Structures are given as structure tokens and as C-alpha cells.
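Reading through the C-alpha cells given below for one structure.
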């Protein structure tokens, strides 16, 4: 390889800062949309038919195929263009957001899309970062700032970022404008949890930068007035954009099934005749009007979701919205639901509920801690106060920079005039510190290296000596303060209670279990006093471990374990992560409907498990299998063998049989992002089998793209289940776009999930109505619509084929060309369209209250091979009755009039057509359960319209000489009337008998619910 010569170096071209979620542009809309539409088998097929009609002499006009095809292509293009225009509009709002950049010695206001790599950007408090930035400075001397990344990874806690000392002092625009520096960094990477090292070169001084200096697009600045940062990754190269999945056209299972039927029927017709003319003549068996009706049904039907007042959230004044109407019926086929946790299942609000101090349970009532069994305060006031001080000191909480530390409160909240606004790295810590402040022990901030507390209005200062940070292995954190050399520690009961040597351990353990049964997140609190000699030893060990060059993490863990021992237990806390309303009921309803729920979250393991237990995703009786913190294949395999009870040379799959056969104990699986990556690399089949046989799966510490990979894994499994993903943040966009159906929650984390979803609802509880009622109705309607269309066209074209045996296959049509064109467009289209919009075979309340009815339509039950075969055979049977019933009437003697006048072939064809129009319309009436005035109008109106139109064909100016006076002559015959009534009754009688027998001998759950509803209505009357 040769290096480029001097002057030949081509600098890298960086992406601009535009975010693009749209699919089309003005220039490529027409060719790209036409290409995508003609990729559909149906559209391409009708295009071929149209071209054949243009090239050769055929029995029908090219207009009969060309005009409906043009209409379908145009309507679909307009609909997809409108949906993409909405995406463009949303993108323009993001790209046009005002931002401030440092240029020419001052702050210049510009648009977000104009930011370039190397620009220094100013971001103010509560604003989101418009690009991925390297932090240069903030309004604080140490160059620190606090951010929340809820829209990226779902975590609502506060994270601290720090600038390097060399740039932290550059707090003015003038100084920043003079900054000359070079930043070297790796290529953009999507992984949120693996930040590549970047290196800054400034005035010949190298300074390494790590994740603590990188501010990601989509995160929000908190508790800091302003920061300055330099743009390093822009636009579609930011981590947030790299975690987006490209927008693709989703198609429902019903649409794919129709595509499967077309080549099947196409092959049948080619077998019938090799002549193109016959191909054109029989193309009506697959009418393009089917696609017109389906498109209209989907588009018009989608309005009912937005109009449903049960999906309206009054508090936020938000209605459900439909972004993609192509997937309505897919809502009735969902087998797996993938849901985010934060903001989707929960309200993003932590509330302190109960605590246990020295073996006595307390509840907060009106700003007081009221003990159980005692009228007022705890009998041991010293332990009580020490517990609250431990809560106030053992944390990493920050206070709003705009507030002063003047809160002066008594033992309860009544005297606190201005509550402090806290920001915390853990939502639990924030809830606990706020609760302590309400009952009189107020954390007022950090001054230098000291923590300040007001206890009963008395200021106290504690010098902070050491912080032993929380980590998932220890599952606890500690602080050491100088006053009396105290260690305060808090953490999970499994890590605190075994290390406690004194205190009310047994009583506290019982209280912790009681808290957990209520769905509360529990923490235990303990302390330890050090002698001067002990503290000196601890300080020495900590210094050695923190300055070690090798095995620093292991040495620190050993020192932490040495320090956090021989604890004296103070008590425990119970904090509620407030769930959204009716989350438990909704998850239980999904389970009864046969839908498996997976929770995919970026949150920590402990938090995710706690919420899963409280929302009913995990039950207390479940056998929880944990697949977490594995970094090598060997440990992963060992874990699988341990939990799946496989030993020696036994097959791993023997344990799967144990899971399948165990009907008493349900199994839940917890897996984190690291372990998931390993499992999918080498043990994908085993992992998926275990997941499928678990009642519930929880994936934590998931990056956005990992969420999409999990969804894709289920989608591409051999069973091909229908998946639904629901979330509220930008970190859920990839998952929402990957699933068959994507639903956005109109939550507190922006509108990106809503913009990229197929449907949007305000609360998780609305999911049950969306699936069990709307999904059920849409699926039943579209399944009947599609099969009915094939049925009525089998009825339509089969007599035409039978007629060829009587006309020596001369391509003579049985029906007039006007009838050929209008049969699917006018005479039989409206009843099935109105049915597909309004049909309710079961009352909506019954469907929502009995989720088990959802199982009746699962796995495409109403549009499978057997139902389609029944409709097809029924169509052939009716067609034979139409043709041969009319033939028996007219075959030997065509003089059906009193004057002996003979009937011709057009009269015979018209008789067949009349019987057919009445029969297929009445068949639709038999399928209708929910009658409105509109159904009556279009059903009987279609028959009346046919008669009026046929009678009008005698008018000379219509130029239909073949049909001149034919229909009038037919209706003047009593025999013809008798034949029409007899044939219609004969066709429908068999169908009615079949329905009655099946309903009594083999009723489905849905039919039983119909009978029960009728019975209840009769009792009420």
C-alpha cells in the first residue's frame, strides 16, 4: 500500500446533522413507489393482463382492467405519500430546532441541521443534545454536568459527565473561540454501553477522553445551567441514529396469504387454457376490485381507532392515532408482545411507601412516620434518627443548582416552605432522600468535601471521606463520613443481612418479605463505627487498591468486602415504582389470550426484576432462571447446564422436556445484554427453546439494536409468530420498526417512538382494547372479505367456463360486457365493504372481558386452508346450481312467454347473472351479525339497483343493442321468477343447515359467547 502523496490527501467527509426517518423524496417518489407497488404479485399480474388486452383482440375491453389498476395504484400512492409526508414534517421539526454555536467570537443562532463536525455547541438546562458532543466546559468550575438518558436507554437516573481540566476553564465564548485542538476518534458505533476511546490533541498535549466526556444526542441536560461541547458525530452517525432501524414496508399476514393464492389460481387458469384470450376472459376470478375494497376497508376502518373514546386519555387530552392502516388485521394475530419498562409499564415516578426501623414497621402518613402498634413515634428515637441520617447521607444525590440550602423543617413536612429539588443517579435514592426531608431530616447539599444535613432544623455537617460505589456484584453502596468515623451502607437484603452481626435481623427479614409481596422495591440500611486504628487500616487498603496498576477491580472488590462487614442493621425501606393504571390486569389479560409478554429494558437487573414482579409479569411462585453477567462461553454453558439440570453426557435438550412437562411450576427467564450477545453467538437454538418454553422473559441492560435483534430472532424462528413491540422512547424505535406491529406510547420521553410507530396510544392499558376488540373485529372482517370475494368470483366465472362446453370454446361470453365490468364494481361491492367496516359478531364488552376469545382467531384460524377450501367449494356448488338450474329450465324449451316467443343466449346469461347477484348478496346477509340501517340500505339497495340498472338497459341511447329489452322480457315470465326464487333458496339452504349443525354440535368459544350474550339480553328484558 502506498501512502497518499503531499497534496493528494482527501479529508474524510462527515455527515451533516439531518435526521432522516422518511422513505421518499420529491424526486424518487414516483419511480420508487411504482417499483414497490409492482413488486406486489397482484399489481404485476393485473398489469400483464392489461398489456395483453392492449396487444391482442380479447372478449373484453382493456378499460375493464386498466381503469381499476390505475385507481388502485393512485389511491395507494396517495396514502403512502401522505404517511411519508407526516414523517418529513416530523423530521423537519427536529432538524429545524434552534441551536447556538460558537462562530467568529460570538454565539450564533442556527438550525440543528446546520451543525457540522468540529462546531462548538452551547446547550442550556433541560435542552436535549442535538449531536454527539465531547464536553469542553460547563458553568461549574470542575467542568461537570448532569444528564438523563431516558430517551436512549430508558434510565431516568442522573449521570455525571466531566470535562478535562485543560478545557474546563474555558467558560467564555471568547476563550472557546480561540481554542485550537484536534480530536481523534474511532468510526461511529451503535453500542450505547461500549464507548470507544477518543483522544484529544491540544498544543502538543495528549489528553485521553473516555465515556464520561461524551454527551450523546437525545440525552437531556439537567441541574446545569449550560455546557459547551464540540460536535464529533452528527446526523445519521450519532449513536441514537445508528440505533434506528431503516423504515421498511410492513405487510400483514392476510395480505401475504392473498399473494400466495394468486399464483395458485393463476396456474389453474393457464392449465384451463393456453390462449391469452381465455386468460383475459377468466381474470375476473381475481378481481382488482378486491384490492380497491381492501385498501378502502383498511383506510376507513382505521378511523374507528381514533374515534374510540375508550382509547382516549382525558388527563393528557390524547387520542389513539393510526400511522399505518395496512396492519389493522395484524392486531388480531399477535402471539408475542415486546414491551419497554420505563414509561411504558411505569409512570417514571418513585414513591416512598413503608420502612422498617429497629424491627418496627412504619408508614408515611401526612408527613409523619407512623409505626404499627404504637400511637406515635418509635420508642427508640436515637435509632430512628440514625436511620434517617443514613438515608440522607448514603447516596449520590444532587440538588438543583438554582436552589439555595435554606430549607428549615421540623420532624414532618408541615414546616418546610420550599422543598428542595433533588436529582439522583438512582430513582430509589431520590425517593428516599425526599421522604427523609418530609419527615424532618433534610439533605441540603454538598459544600466542598462535606455533606450538609438539617435534622429537626439543626444544621449538621459531615465530611465525606470515601464513597464505595454501587456495583451489580456487591449490590450495595456505602459512604464513610468523618463524624465518629461512621460507615453507612445500603443495598439489597441478600447483600446486607448476611453481613449484619447485630440489630433486628429476623424481624427486618420478615418485613422485607412483606414489602416485596406488595411489589415494593426493597433496600436494607446498616452502619458500622470504626476505631481510629480500623479506619487507618481501611484508608491504607483503599489507597493501595485504587492506585494499583493491575487487577484494580478485583483488589477494590476485596477491600470493599473487608470494609462492609460486621454491620449493625438499622432497618429497611420499601419504595414503589408507580405502575401505570391497570398494567397488571392488562398483562394478565394478554396471558389469558395466549400472548407471551417479553419485557426489554435498558434498566438495571435489580430494578427490572422488581418491576416485573410488581406488574405481574413475573409471579412470586415462578421459578426464575437468571442469565446475567456472563462474559465467556464457558460460564454461559455452565450456567445453562446448572439451571436446565443437565449433567455428564446427557443432551441439553433433556432439560427442555422437563420444562415442557412441568405444568405446576411456571418458569421466568432474566437475561442481560452481555449474556444475550454470547447466547445468540453460539447457543441460539438452545436459548430460543428455553425462551419459548418460559412463561415470561425479561431482558435488561439492552441496547436499542439488541432489542430489535431479539424481536427479529422471534420473527424468523420456524413458527413465524406475529410480534408486537410497544415503547415510548427513542431507544424503542428499532424494536418498534422491527416487529410486525409497532406501537408507540405518548409518554414523557419525546415523540420519536410515536412518530416511528404504526399505532400510538396514551397508556399501556389501552393495548387490551386495541388487540382484543379492534384487532379481533379487523381480522374477522378482513378474513371474511377476502374469502367472500374469492367465493363470489368463483360463482361469477365458473358459469362462464361451463358455458364454453356449449359454444365450442369460441370465447363467447355468457354475460354482457357491462355486467362483466360492473359485477365487482357496483352490484356486489358495497355490502361486503359495509360489512368489513361495521361487523361486530360479538359485543365489544364481551371480547374485552373474555380475553380467551382471542385464541379463536389466533394463527390465522379464519383464513387458513380449510376455511378457504370451504368458501371455494361453496362457490363452485352455487355456480353449478346457477348454471344447470337455469339450463334445466330453458334447455329443452326456451319459449317461457305466453306468446311462445323464444329466449336467446343473452336471456339465459342474464337469468344466470340475476340469480347470482341475488344469491351472493343474500350470502353476505347471512354472514352479518350486526345490522345497522347502513347494512340494510346497501344489502337490499344493491339488489334493487341491479334491477333498476338492468331495466334501464332497454333505453336506446345506451347503445347496448345485444341487451335491448332482454331484462324486461325475462321478468315478464312467471317461470323465470319461479326459477330465480327456487335456485336462490336451493343455494342458501345447504349453507344455513351447515351453520345450524356446526353451531349446535361443534360451537366455538366465540359462538358460545354469542349465545350467552343473547341469553343475558333476554333475562334483562
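Yeah, the Cβs are placed from backbone N, Cα and C, and that goes for glycine too.
Feature list (source: TrEMBL):
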- 11-65: domain 'P-type ATPase N-terminal' (DOMAIN)
- 41-56: transmembrane segment (TRANSMEM)
- 98-160: domain 'P-type ATPase A' (DOMAIN)
- 275-294: transmembrane segment (TRANSMEM)
- 340: active site, 4-aspartylphosphate intermediate (ACT_SITE)
- 340, 342, 728, 732: Mg(2+) binding site (BINDING)
- 754-1004: domain 'P-type ATPase C-terminal' (DOMAIN)
- 818-838: transmembrane segment (TRANSMEM)
- 868-890: transmembrane segment (TRANSMEM)
- 902-921: transmembrane segment (TRANSMEM)
- 933-952: transmembrane segment (TRANSMEM)
- 964-990: transmembrane segment (TRANSMEM)
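Locations of recorded TrEMBL features on the structure.
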residue	record	Cβ within 10 Å
340	active site, 4-aspartylphosphate intermediate	30
342	Mg(2+) binding site	29
728	Mg(2+) binding site	32
732	Mg(2+) binding site	37
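The recorded stretches the transmembrane segment (964-990) and the transmembrane segment (41-56) do not share 3+ CB pairs below 8 A when only pairs 6 or more apart in sequence are counted, and are therefore not in contact. When Cβ-Cβ distances under 8 Å to the transmembrane segment (933-952) are tallied for each of 41-56, 818-838, 902-921, the top count falls to 818-838.
Taking CA atoms as the reference points, residue 340 (active site, 4-aspartylphosphate intermediate) and residue 732 (Mg(2+) binding site) are 7 Å apart. Counting residues 6+ beyond its ends, the transmembrane segment (902-921) has Cβ neighbours under 8 Å at 791-792, 795-796, 799, 803, 812-816, 819, 823, 827-828, 831, 878-879, 882-883, 885-887, 889-890, 894-896, 939, 942-943, 946, 950, 962-963, 966-967, 969-970, 976, 979-980, 983-984, 987-988 in the same chain. Applying DSSP to the domain 'P-type ATPase A' (98-160) sorts its residues as follows: 7 helix, 37 strand, 19 coil. The average pLDDT for the domain 'P-type ATPase A' (98-160) in the predicted structure is 84. The DSSP breakdown of the domain 'P-type ATPase N-terminal' (11-65) into helical (H, G, I), extended (E, B) and coil residues amounts to 28 helix, 0 strand, 27 coil.
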